[in-house]
């Protein structure tokens with residue numbers, strides 16, 4: 001058989017189409033498509049037409065495109081490039097291009113990514129470098145329009161299309177006649193626009209071309225969506241890492257804004273995806289000092305005419321922190337940066353500080369508005385390319401600084417996702433300033449408190465003259481300053497001048513302070529400490545003890561009842577319960593020392609009003625302490641005195657002993673809140689019941705002292721018994737004290753009526769003062785009787801207090817009955833008068849005058 005020519009084969013195939021179909025169904029898939037799709041550099045005969053290609057099964061083409069996706073899984077651009085090569089061949093287009101869609105500064109735009117892809121072009125030649133991108137908004141060109149409407153567009157003659165722009169043609173010298181553009185969409189977001197340009201074998205792209213283009217671009221869409229999803233995952237991962245680490249570092253540093261920013265920004269540097277970033281911190285001064293304004297007002301200095309922040313501050317960057325991430329990591333801090341520093345010379349940070357805008361700039365050195373440095377900014381040779389600048393705004397919406405990020409690491413410009421990440425960061429940093437501001441305010445308040453405390457202490461602390469009025473060292477030792485005296489000499493002098501405890505009835509439950517001056521009461525208080533033998537045992541400096549005692553006296557305000565006399569009486573009763581009542585056997589000397597001192601301080605700085613009034617008037621004390629308001633204030637005042645070494649009577653105790661004293665102060669003073677009395681009295685009653693059944697004193701002591709809680713419950717009830725002890729005094733004393741208490745209550749009632757505009761309760765209503773005996777009887781029955789009855793059961797030595805209480809109840813009951821009798825007589829007389837008045841009215845109605853009996857409506861003639 002002779003050699004068959006090519007022409008003969010073509011003629012045979014044309015005359016036998018059925019044979020040709022069978023042959024190509026078997027052979028073309030492997031031989032022809034293998035050359036077309038697998039070898040990007042293989043030449044394909046240009047005469048191969050679409051009808052000829054569509055004779056091949058479409059599944060084979062899909063398989064080849066999937067193989068391309070698998071081979072180029074690492075780069076969506078490379079996969080898209082290979083697909084565009086094949087589409088250019090299939091559609092018989094002169095070339096294909098792909099434009100990516102993004103947004104900057106809130107404005108969507110398209111940018112060239114792959115340009116002029118042909119069946120034989122190389123990827124490197126078609127890929128557009130980030131610094132050579134052609135970028136234009138969506139209102140320019142057909143590509144922008146397709147991205148805007150998100151629909152494919154087949155333009156047969158571009159000159160007749162109103163959306164066509166010849167911008168690209170002028171740039172490249174290319175002539176566009178017709179084109180087919182299709183958007184690639186993920187949800188509602190356009191990722192890219194792919195375009196086929198200039199149909200070769202026809203004047204325009206056909207409907208069949210549109211179908212093929214859209215069909216096979218779905219593979220490109222899958223690759224781009226995968227890449228976009230991966231990018232979004234990276235964005236969210238970076239955002240969460242930035243927030244987590246910045247929060248971690250922000251709360252590590254609360255004292256200084258600069259250190260707070262630096263710790264946060266340095267820690268998150270790896271997640272910012274840029275070569276370099278800088279933070280400019282703004283001066284927060286809103287008003288100049290008066291002496292800084294003098295030169296301006298006198299004309300010696302020109303007034304500031306530069307830009308200002310939205311809140312009116314002069315834009316002055318007092319510090320720049322420059323973070324270098326390219327090459328060797330480095331941090332530069334530039335205090336008081338000059339205006340020509342490369343971070344400021346462009347004017348962008350100033351513009352952002354003035355307007356509060358986010359500025360995302362592509363190819364920043366070419367910008368005409370801002371003057372960025374076009375060459376290297378420093379000796380590293382680093383050059384500015386892309387810039388993203390944002391304001392740092394605090395919770396008050398004041399701009400406190402400007403953060404500027406330079407050159408995204410992948411070379412691309414910063415996009416909207418970078419804007420969101422950095423905006424999240426700057427917002428968090430701005431809001432975190434609330435921590436440092438709060439810390440600063442707290443520090444200032446603490447300083448003001450310390451100053452106020454010092455001022456108050458200066459007024460209340462016993463002066464040297466007041467101390468010498470009790471410790472007469474000048475007269476006795478003939479020295480001018482107390483520091484020249486020895487401790488034993490001062491103690492001897494003090495013992496000589498203090499009153500005799502028996503003569504002053506300090507051991508008696510019936511003690512009365514009325515015959516004694518307030519100054520002498522200070523001496524009596526000092527005597528009580530000497531009587532319990534704690535001064536020498538715990539090495540209490542005599543001068544310190546005297547100063548503390550006198551200062552406690554001055555700490556009590558001159559109110560009607562809760563004054564120094566009441567404070568002393570409570571201290572004296574505590575002493576009497578311990579010594580005369582023999583409760584001291586349950587407590588150590590240190591505990592007795594603390595209990596006596598706490599009793600003297602229990603109402604220090606009382607305002608003459610109760611806790612309820614503090615809450616009603618929303619006083620600072622009520623805002624500071626939620627419960628037991630005044631008691632907690634008395635406790636804090638007492639602890640404040642002990643913080644001053646010259647007043648700390650416990651200064652020679654060890655740490656553990658001092659902690660014990662403070663705890664006992666807390667228990668004792670808070671226990672004087674009567675609101676807590678009803679909670680503790682059941683516990684106390686159980687202790688008394690148990691002790692009453694004990695066979696010996698030793699057994700009782702062991703039972704009580706073995707449990708610190710029992711000792712605290714007893715101590716708390718002792719404080720209540722001391723606080724209410726005026727109700728147990730002899731009648732001539734108790735009746736006067738009751739009037740003092742009542743007067744203080746009435747004064748509070750007057751305040752409630754005038755200041756708070758509220759009606760006081762009967763106990764504090766001055767208009768119901770005649771009901772005082774009845775109220776006293778109720779108070780004795782409801783509150784007091786239990787306390788002294790149980791203490792009498794607990795220790796028989798305390799029975800005199802119960803007897804005094806019962807005697808006073810008889811007196812108050814008698815007065816209450818007298819008052820009730822008077823009220824009854826008054827009511828009876830008022831009733832009789834009403835009856836007489838009503839009887840007289842009835843008689844008048846029945847036996848009226850003749851004139852009254854005449855009818856006013858009918859006249860008899």
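Cβ from N, Cα, C; glycine included.
Swiss-Prot lists 97, 116, 169, 170, 171, 172, 176 with the feature 3',5'-cyclic GMP binding site. Among the features that Swiss-Prot reports, domain 'PDEase' is placed at 486-819. Feature annotation from Swiss-Prot assigns divalent metal cation 1 binding site to 566, 602, 603, 723; the stated evidence is similarity to another entry. According to Swiss-Prot, the divalent metal cation 2 binding site annotation covers 603, on the basis of similarity to another entry. The compositional bias 'Basic and acidic residues' annotation in Swiss-Prot covers 826-839. Sequence annotations record features per position, and here Swiss-Prot assigns region 'Disordered' to 826-861.
In terms of C-alpha distance, the listed binding-site residues 169, 170, 171 place 171 closest to residue 566 (divalent metal cation 1 binding site). Take the CB of residue 116 (3',5'-cyclic GMP binding site) and look out to 10 A: across all protein chains shown you find 18 other CB atoms. Counting every protein chain shown, the number of other Cβ atoms lying within 10 Å of the Cβ of residue 566 (divalent metal cation 1 binding site) is 24. Residue counts for the compositional bias 'Basic and acidic residues' (826-839) under DSSP (helix as H, G, I; strand as E, B; rest coil) come to 14 helix, 0 strand, 0 coil.
Cβ neighbour density within 10 Å is lowest for 169 among the binding-site residues 169, 603, 723. Restricting the average to the domain 'PDEase' (486-819) gives a pLDDT of 95. The two recorded residues, residue 603 (divalent metal cation 1 binding site) and residue 97 (3',5'-cyclic GMP binding site), have Cα atoms 88 Å apart. Each of the binding-site residues 170, 602 was scored by how many other Cβ atoms lie within 10 Å of its Cβ, and the smallest score goes to 170.
Each of the binding-site residues 97, 171, 172, 176 was ranked by the number of other C-beta atoms within 10 Å, and first place falls to 97. On the backbone, the CA of residue 172 (3',5'-cyclic GMP binding site) and the CA of residue 602 (divalent metal cation 1 binding site) stand 94 Å apart. Each residue in 562, 567, 569, 570, 599, 606, 672, 722 lies on the same chain as 566, 602, 603, 723 and has a C-beta within 8 Å of the C-beta centroid of that divalent metal cation 1 site, without being one of the site residues. Across the residues annotated as binding 3',5'-cyclic GMP (97, 116, 169, 170, 171, 172, 176), the widest Cα-Cα separation comes to 17 Å.
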